[in-house]
Amino acid sequence: MTSHRLIKPHRALGVLSVAIGTGLWGTVGPIVALFPEGTAFQYAMLRNITGTLTLWIFVAFSRKKVRYTRADIAPIIIGGLGAAAFQPFFYTALNLTGVAVASLVAIGVAPIFVGAIAWIAFGRAPGILWLLGTLVAVTGVAFLNWPSPDAPVKVVGIALALGAAFSYSFQATGVGMILQRHTPMQSIAPIFLVGTILQAPLNIGRSFDFITEPRLIAGFVYGGVATVAIAYIMFSYGVKQVGTPVAVTVGLAEPLTATAMGVLILGESIAPTGAIGLVMILVGLVVVSVPTKPKERHVGRHSESHHGQHSKDAVTDDNEIAQALDDPDSFAHEAILDTVTTH
């Protein structure tokens, strides 16, 4: 059997979908900047409530009716814990160690965590092209977000940023697990419901009196509809097409959007090292978009049947598995994923 490394149409659509979703995430920063200082947690709560309601409206009007089972409980809890924990970790890291350091750690380390989870928990070792592309893209993020010499670097802040990266990885893993049985919107809706409920206690005693201006109302409504509901549906579709490790690496495109908005809307300038970083991120995303050619692996042979007929060698190679995983329309796609995740 021959294999090739051409990007299949559904894989290209998956990469594009993730890029669009993470691009929408990149618009959160300028929106948060509109809100009064010290209200990031409240904004996150309002954004998540709006996004969760929007997702469930989408689910209610979906043609494909949803039925959750006990098999969905673990992915929903895993994803919900990640969704609830990311913002507290990240926003606290921002306050302690600054935007540049917190963003560099939280965004740059997440793909490594996801690759490790896929390898350790599910036995799916990332391919060489994923490793190479992720290394190039993460280096690009470092060039783009490298802190100035006088930037505050605190160990606690870095630890919290690592917690944010792990939380995002946890969320993405939960999404990838539940997508085996449900559509993107049906997968994201319960995860954000759990995440929003778990996040609610963090806002006890905080004031929401600042929500009086129409632009602030528009800000969290946009945040919920665009950067939660639509963005995560796009991201989840991409996860279903290319897998969680590749999707999270493609998610490194988020700084591209944030940088472009800063230059075009806020009039910010970009240093030469930042420009190099942008190019490296793009190169890394192209590399991880190309399927890795797996090595063939001998698995076993069937024993002789009772009727005296010798069965053929049952040699299952990684290439066949990879093609089934890459093709959502494949009959074997769902069965293989179920087998992997039940080990």
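Note that Cβ sites are derived from N, Cα and C of the backbone, with glycine treated the same way.
According to TrEMBL, the feature compositional bias 'Basic and acidic residues' maps to 301-315.
If you look up TrEMBL, you'll see 13-145 (among others) marked as domain 'EamA'. Shown for the domain 'EamA' (13-145): DSSP residue counts in helix, strand and coil, namely 109 helix, 0 strand, 24 coil.
The domain 'EamA' annotation in TrEMBL covers 157-289 (among others). Per-class residue totals from DSSP over the domain 'EamA' (157-289), listed helix then strand then coil: 110 helix, 0 strand, 23 coil.
What TrEMBL records for 296-315 is region 'Disordered'.
The transmembrane segment feature in TrEMBL is assigned to 12-35 (among others).
TrEMBL lists 41-61 (among others) with the feature transmembrane segment.
What TrEMBL records for 73-94 (among others) is transmembrane segment. Within its own chain, the transmembrane segment (73-94) has Cβ neighbours under 8 Å at 40-41, 44, 48, 101-102, 105-106, 157-158, 160-161, 163-164, 167-175, 177-178, 187, 190-199, 202, counting only residues six or more beyond its boundaries.
Among the features that TrEMBL reports, transmembrane segment is placed at 100-121 (among others).
According to TrEMBL, the feature transmembrane segment maps to 128-146 (among others).
The annotation transmembrane segment is assigned in TrEMBL to 158-179 (among others). Under 8 Å from some Cβ of the transmembrane segment (158-179) lie the Cβ atoms of residues 72, 74-83, 85-87, 89-90, 92-93, 96-97, 101-102, 104-110, 113-114, 117-118, 121, 187-188, 190-191, 195, 232, 235-236, 239-240, 243-244, 247-248, 341, all in the same chain and six or more residues away from its ends.
If you look up TrEMBL, you'll see 186-204 (among others) marked as transmembrane segment.
Counting same-chain residues at least six beyond the ends of the transmembrane segment (216-235), those with a Cβ under 8 angstroms from any Cβ of the stretch are 17-18, 20-22, 24-25, 27-28, 31, 34-35, 43, 46-55, 58, 175, 184-185, 188, 192, 210, 247, 251. Residues or ranges marked as transmembrane segment in TrEMBL: 216-235 (among others).
Annotation source TrEMBL lists transmembrane segment at 247-267 (among others).
Annotation comment: TrEMBL describes 273-292 (among others) as transmembrane segment.
Counting Cβ pairs closer than 8 Å and at least 6 residues apart in sequence, the transmembrane segment (100-121) and the transmembrane segment (186-204) reach fewer than three and form no contact. Long-range Cβ contacts of the transmembrane segment (41-61) within its own chain (Cβ-Cβ under 8 Å, at least 6 residues beyond either end) map to 28, 31-32, 35, 83, 87-88, 91, 185-186, 188-189, 192-193, 195-196, 199-200, 202-203, 206-208, 210-211, 219-221, 223-225, 227-229, 232-233.
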